[in-house]
Amino acid sequence: MRFEDYKPTGRIKNKHMLTLMDYSSEEIFELLHCAVELKRKQYARERHDYLAGKTLAMIFEKSSTRTRISFEQGIRQLGGYPMFLSSRDIQLGRGEPIRDTVRVMERMNIDEIMIRTFKQSDLEELAEYGHIPVINGLTDDFHPCQVLADLLTVYEEFGTFTGKKLVFFGEGFNMANSLMLGCAKVGMDVTICSPAGLGPKQKIVDAARAAALGGAKVVVTDDINEAISGANAVYTDVFFSMGQEKDPAKEAALMPMQVNAEMMAKAAPDAIFLHCLPAHRGEEVTDEVMEGAQSRIFPEAENRLHAQKAVMYMLMKDN
Ligand code: CP
């Protein structure tokens, strides 16, 4: 089964978007098809206010530019209302349990919740105690909405996932985890290249391998030359994610994996560069690559809007 041959049904079984671990290849295809269609409608200025009158609450326990803007703009374009809730301002930030917060929210007719938090278990608690769809806007373990936007960007570039390879350079943290799952499930080869001791958890590698579509390869290595060879999409992320302490030893281990012009020259001739942003130029990537002809970082950022509109719509509509 290839994405370009898949006939969408307009339905998914999932109620929440906590991790791509819970999503089948078909369900990811449904979301991507919906994102393509919503993007087309947006560009054609066709009406698509399918969530008129609905309210999306957005809880942020960490800073954000792209996630906040794309969810806020996305729900407005779908006809609904965004409610921005910083944990600095609501009682959650002063220790009110998440299970109480969600039950209050549903009493006040909130229709859907997006949360950016630290622990995946907090997200799971939110989903367990409420009856409202919950969307992961990033945890320490996963960033599924970012990866849906990344996959949309890869598809727009190559017209297929089949026979393509994405390489991620960096620590086996939230981005590596979600990229492994997302790429494997759409049938694209994925390599995570991390320094020894900084690789992804084996449980997630095993889950990605078990769910890989059409024999897609999931490789974890610390061999930079093996990793970059044949890569069609080259991806990296900051050395230190939000909430992580700076560590000179970790920085020294990651520096040889910097995506620079020399690294890009070793990838496939048609390779594109992706980054979830924000980036630290001169650390994980050079300014030359960020601004270069192979960079797709801004179409990728835009695709957060279209991918998340698909998520909000498909989870909130009556499946
Ligand atoms: N990529 C991403 O999630 O960006 P923000 O942290 O700005 O939301």
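The backbone N, Cα and C atoms fix where each Cβ goes, and this holds for glycine too.
TrEMBL does not curate its annotations; it predicts them automatically.
Listed in TrEMBL for this protein:
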DOMAIN    15-156  domain 'Aspartate/ornithine carbamoyltransferase carbamoyl-P binding'
BINDING   SER64, THR65, ARG66, THR67, GLN91, ARG116, HIS143, PRO144, CYS145, GLN146, CYS276, LEU277, ARG304  carbamoyl phosphate binding site
DOMAIN    163-315  domain 'Aspartate/ornithine carbamoyltransferase Asp/Orn-binding'
BINDING   ASN174, ASP237, SER241, MET242  L-ornithine binding site
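Closest by Cα distance to ASP237 (L-ornithine binding site), from the binding-site residues SER64, ARG66, GLN91, CYS276, is CYS276. Counting only residues at least six positions away in the same chain, the Cβ atoms of LEU138, THR139, ASP140, ASP141, PHE142, HIS143, SER241 sit under 8 Å from the Cβ of ASN174 (L-ornithine binding site).
The domain 'Aspartate/ornithine carbamoyltransferase carbamoyl-P binding' (15-156): residue composition by secondary structure is 72 helix, 21 strand, 49 coil, according to DSSP.
Cα spacing between SER64 (carbamoyl phosphate binding site) and MET242 (L-ornithine binding site): 10 Å, rounded to the nearest whole number. A straight line from the CA of ARG304 (carbamoyl phosphate binding site) to the CA of MET242 (L-ornithine binding site) spans 19 Å. Of the recorded residues, CYS145 (carbamoyl phosphate binding site) and MET242 (L-ornithine binding site) place their C-alpha atoms 17 Å from one another. Cα of CYS276 (carbamoyl phosphate binding site) to Cα of MET242 (L-ornithine binding site): a distance of 13 Å.
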